[in-house]
Amino acid sequence: MNFEGLDPGLAEYAPAMHSALDPVLDAHLNPSLLQNVELDPEGVALEALPVQESVHIMEGVYSELHSVVAEVGVPVSVSHFDLHEEMLWVGSHGGHATSFFGPALERYSSFQVNGSDDIRQIQSLENGILFLTKNNLKYMARGGLIIFDYLLDENEDMHSLLLTDSSTLLVGGLQNHIIEIDLNTVQETQKYAVETPGVTIMRQTNRFFFCGHTSGKVSLRDLRTFKVEHEFDAFSGSLSDFDVHGNLLAACGFSSRLTGLACDRFLKVYDLRMMRAITPLQVHVDPAFLRFIPTYTSRLAIISQSGQCQFCEPTGLANPADIFHVNPVGPLLMTFDVSASKQALAFGDSEGCVHLWTDSPEPSFNPYSRETEFALPCLVDSLPPLDWSQDLLPLSLIPVPLTTDTLLSDWPAANSAPAPRRAPPVDAEILRTMKKVGFIGYAPNPRTRLRNQIPYRLKESDSEFDSFSQVTESPVGREEEPHLHMVSKKYRKVTIKYSKLGLEDFDFKHYNKTLFAGLEPHIPNAYCNCMIQVLYFLEPVRCLIQNHLCQKEFCLACELGFLFHMLDLSRGDPCQGNNFLRAFRTIPEASALGLILADSDEASGKGNLARLIQRWNRFILTQLHQDMQELEIPQAYRGAGGSSFCSSGDSVIGQLFSCEMENCSLCRCGSETVRASSTLLFTLSYPDGSKSDKTGKNYDFAQVLKRSICLDQNTQAWCDTCEKYQPTIQTRNIRHLPDILVINCEVNSSKEADFWRMQAEVAFKMAVKKHGGEISKNKEFALADWKELGSPEGVLVCPSIEELKNVWLPFSIRMKMTKNKGLDVCNWTDGDEMQWGPARAEEEHGVYVYDLMATVVHILDSRTGGSLVAHIKVGETYHQRKEGVTHQQWYLFNDFLIEPIDKHEAVQFDMNWKVPAILYYVKRNLNSRYNLNIKNPIEASVLLAEASLARKQRKTHTTFIPLMLNEMPQIGDLVGLDAEFVTLNEEEAELRSDGTKSTIKPSQMSVARITCVRGQGPNEGIPFIDDYISTQEQVVDYLTQYSGIKPGDLDAKISSKHLTTLKSTYLKLRFLIDIGVKFVGHGLQKDFRVINLMVPKDQVLDTVYLFHMPRKRMISLRFLAWYFLDLKIQGETHDSIEDARTALQLYRKYLELSKNGTEPESFHKVLKGLYEKGRKMDWKVPEPEGQTSPKNAAVFSSVLAL
């Protein structure tokens, strides 16, 4: 409402006028109103007022049910009945919001919305509440958590808001425009100009938007264009309030008089059918608020600020007998609202009290309200009391610190003796089956325990204490869960054992003796590691992705290219997919498909990993196609979900994976509809297994694949000819075959698993029958011999029985397009190639041979929750780059475990624990069809000046000078580097029984600031990069003491730093690495690990290792700077510019002391003196008040004199 022209003392609220009220001293406060209200020290009421026993509510007549204090002494500025729950929301002039539950007005929540401005409008949504202040729109949960905070322009003065639909909001005020805001993206989508400024009230019907102006006019606007259709000049002074119901519009306001503005007692009523005014309605109160209350009739409730309320019909006469008084505690009523059910009225006064009037003893605010979620009571667990009267009370209930001294309760040495544990009995089955030679027995190792590790458990103790154990000691009797001992060791889920040194003492070479790089598994959502490896070893995909670069912040193609580059550079060391998975978590489609797992679900294996990785496979191919498509078509840089997969010719990903099809729908009326489409992968469709299970019918894999590609099905579909849904025969025909055939196996139930198992048994019998006596019973080879057996040329090696078991999948398939749009698919063997000739010659006739390149497998293991691994056939180009040899070999990729395997192992699926999930077949000679050259897309322009994301950043706050064109770094140049980090997830650790701590999962760090300083030239030591990295993830610890990062520094809305994206800074560092600069810093190994960069060792000059002696502790940068440079750094917090500059100076000092590395013996003496001084000082730098720092000359002269 508008108070323009009124007495300023009544229209405005001055905080000084409303100090904290004392019920005894304030004459305006009704003592009976607050006699049961408990006030906290700040003067806020804590409980609602109970209804007096004498109050009697008459049905159909509004009477006061409850009064409650929202905030003592602070006027109520707005009230609103929640449209979804039984709640009443109240906002105050002090920016505080309070909610009350139910007609009893029990306090539900109370929180501060704005620290300086009053709350002007409240709107309830399904998931939260919208609060409008002067220039701020805040969306908060009903408990008080902020969902979003949208800052408007500082010059705006907003008064009204209108929710047009579930995701669109109109906001108006005293300016000459109305803003449209999209609540999904929290962005301004439209700004409508208003001819008459000052929109303080807005309403909506199914015909118009209604805008009430401070000039006294009401404008009716079109719902689509927002143009003025009609305008009512209601009052000559100002508009106070109006409401719309049906075809009537009623308004109250102020008229101009000789002495100023006066409240007009005539309500203006307009007929919206004829668009003209009808007879004004004279009332007996000074109207300030009005609302239609359409229950039985279209009644109007007219409220005055003094507390008088009158009901009347808008087309009749007002009756003075229909007036009742609200009895406000303060002198004025400030707000009024009606519930959606019309059973309750809410009034707020100038003293912070809220009055609830109802027409029934048990009213409801909404016709259909959902249940309200209440906070759980705070329960504090107390330690159980100890009863000292009990003689047998164990003293172990009292916690005592760990000590090595003798305790009073220790037994004397004379009364105790060591008793060795009895050896557990040998399993009876092992004793029965072992072979004896003399008195020595021999038995095969059942492989159920680790070497030299046997749990001590006696039989009698098992029955008494461990009867819940489900795993017996003997291998016999484990038929209930056979996979507990069937899973081969290399297929089990691998974990990293962390020590106090982190990953430095973990031997990754034990798990990977090749030069290929594995991927670390401890990152959230790292279940896709195996699929990343599959995509990497597709040579056209690897080259294409590494050539891609766009400006989108979270582009999966860009991040995957950066990760592929790291895998190229690595020489057997595992890599991390931090940045890729970070971008993956921001894609809305990934979350909608359920691909984002919680840490608890991923660790426990609650999700179906096979189904999950198949959905991820479909998602990543579609997303890469979109990312590449957006770069190649003219409309660049659209949103992540802005385009759908439509044509295979739009991107190279489409050319590789896309299969063009024709979908034919034939109705029984004879009409046929043909629609062209494309797909990036196929899903296996299995035949009805009910008969095959009994008869053992043989299905070739090629038959099942053809049935899945050329799918025929009967379904109900719309027929345009019949104009109704009819039974339709839908047929899918292939028009163009893909270069890479991707197949999701969809083995999601025991039915599909039994089908694979049955077909493997039938294939085994046929293979044994085919080869006859040529099959050897056992053929074992050393691991190094598999390279020679992988793909012998010109020689057919007869397989062994073990190699034929559980095999149904062919290594090659042959596909041919027929003239009648059909497809022929058959299994292809090496013998077929010798008979029909090479596949290359037949491609001219539309015949293609696909070779199996990868299989992704789900490992079932209840102990670890299962895992995903991949068998990948690594091509010649990869071996040439990594090992300098030219051959092909199958490998097992299990996170950071990489091991060469026989090719038959890649197609052997024991359905008890090894279930196929995804298959990749590639056309033979695929690499020759594509350009495999990689051109680095990162240019020197990434180092030039760029704008900051922070709104409040000013040029005076700039802490660095960007490089000029004549300063571009060259190969061998020095660059000082330092990075600061924040913590996203805390470390998970457990305390062992011996008191040592074991790290289960390390803390997840994220880079927050990266600084690079010039290492030579006239500007040496001046930073040219000092980027703060904006993050959208929740930070649990800013580590301010060690990083210097404060809350708000990484928020683009309030930060004053030079804020940029991680991708932007990553590109700068990648360019410096690619050009060959040398980085100087302290502890760079951790910095590059968190940033997710792989840097060649000859480009890293780490002072933590330059000033280090073997088998000695690492020395901090602070101590080195004090000892060698007489500098005291890192006083209160760390500063990355200071640390990078100090590391450069230390490197110069290292060159000076070691004579550029030519005198290692003299430098060794310096290091000995450093360590001796450090031990004496306990490695602590003296405080300024204490002893002075030793001067360089004195320190080194004493060292050199040794």
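Yeah, the Cβs are placed from backbone N, Cα and C, and that goes for glycine too.
Worth saying up front: this structure is predicted, and the values here are computed from it rather than measured.
Outside the repeat 'WD 1' (153-193) by six or more residues, the chain places 120-121, 123, 125-126, 130, 132-135, 137, 139, 199-204, 209, 211, 214, 226 with a CB less than 8 A from a CB of the stretch. Annotation source Swiss-Prot lists repeat 'WD 1' at 153-193, citing sequence analysis.
The repeat 'WD 3' (244-280): residue composition by secondary structure is 0 helix, 24 strand, 13 coil, according to DSSP. For 244-280, the entry in Swiss-Prot reads repeat 'WD 3', with the evidence type sequence analysis.
Regional average pLDDT for the domain 'USP' (486-924) in the model is 81. If you look up Swiss-Prot, you'll see 486-924 marked as domain 'USP'.
Look at Swiss-Prot and you will find Ser791 (among others) tagged as phosphoserine.
The feature domain 'Exonuclease' is assigned by Swiss-Prot to 975-1147.
Cβ neighbour count for Glu980 (divalent metal cation binding site): 25 (other Cβ atoms within 10 Å of its Cβ, all protein chains included). The annotation divalent metal cation binding site is assigned in Swiss-Prot to Asp978, Glu980, Asp1087, Asp1139.
The phosphoserine feature in Swiss-Prot is assigned to Ser1189 (among others); the stated evidence is a large-scale study or a structure entry.
Within its own chain, the repeat 'WD 3' (244-280) is flanked in space by residues 4-6, 203, 205, 207-208, 210, 212, 216, 218, 220, 230, 232, 234-238, 286-290, 292, 294, 298, 300, 302, 314-315, which lie at least six positions past its ends and keep a Cβ under 8 Å from the stretch. The binding-site residues in question are Asp978, Asp1087, and the one with the fewest Cβ neighbours inside 10 Å is Asp1087. For the repeat 'WD 1' (153-193), DSSP puts the residue distribution at 0 helix, 27 strand, 14 coil. Under DSSP, Asp978 (divalent metal cation binding site) is assigned to a strand (E or B) in the three-state scheme. In sequence order, Asp978, Thr1011, Gly1081, His1082, Leu1117, Ile1129, Gln1130 are the residues near Asp1139 (divalent metal cation binding site), counting only same-chain partners six or more apart with C-beta under 8 A.
For the divalent metal cation site, the Cβ centre of Asp978, Glu980, Asp1087, Asp1139 serves as reference, and the other residues of the chain with Cβ at most 8 Å from it are Leu977, Ala979, Arg1009, Ile1010, Thr1011, Gly1081, His1082, Gly1083, His1134, Ser1136, Ala1140.
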